[in-house]
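Handing you a structure now.
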């Protein structure tokens, strides 16, 4: 066990496009989507210990410890590996909840990767991803740490290298439950599947966007505002919307115009997760 206190990034992601191709008998939807990380991150400061207990600080308002994906991920890893070690995890939270940028899934993946290292379990990324999918369909993306084209219910991953653009994100003052979007009767569920090359060359679309804009006026308003300046879309099932730019200056210029009552961020697209780089740095320092 490595007892040194370590600090780990937990990055957000964007769905650059999202197509819904059908629905399985079990209710899960068949998707085609392109994930890319952005340099907007929560951070987790983790100290492994011999207590056998998982403790978190500070509490997240409205979330019980046993419902927190960070705690769930650590406990799941303990149980799977029969590890008797514990950990104290401090959370620096900046990613908005219910935003469609993967904050909870990313937190879970960061815990799996970090504790696998600190507890010296030596589990493969495939094993960690298999554990992670029990916590959320997006967790494997964050475990593997590369931008990816995903199919199936999101579990079939193929590395991809979309342009690393600059983005302006706006988080409307609403939280959207994924299940509410995917169960909406008017959701498009029959977009034909296409090869990745064709999708990459086409105009990017999110099949959830029309429904979300119709049900949540706040999302429609903010997305309409962004569309005045640049190509813009919903990410995931929302609520975050984003506009894309070729340069940081272009993004900064539009960001400076965001209405005072809106919560916004500037971020850079990344095809390799900062979590990967942090892990390699700690391995080098500890000569593992």
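From the backbone N, Cα and C atoms, a Cβ is placed for every residue, glycine too.
Sharing the features that Swiss-Prot gives for it:
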ACT_SITE  13  active site
ACT_SITE  138  active site
BINDING   96, 97, 98, 99, 100, 101, 102, 103, 104, 105, 106  ATP binding site
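I would like each feature placed in context: is it buried or exposed, what are its neighbours, and how far apart are things?
Around the Cβ of residue 13 (active site), a 10 Å sphere holds 26 further Cβ atoms from the protein chains shown.
In three-state terms derived from DSSP, residue 138 (active site) belongs to neither a helical nor a strand segment and is classed as coil.
Around the Cβ of residue 96 (ATP binding site), a 10 Å sphere holds 20 further Cβ atoms from the protein chains shown. In this structure, residue 96 (ATP binding site) belongs to neither helix nor strand by DSSP; it is coil.
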Tell me the coarse DSSP state (helix, strand, coil) of residue 13 (active site).
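Strand, per DSSP.
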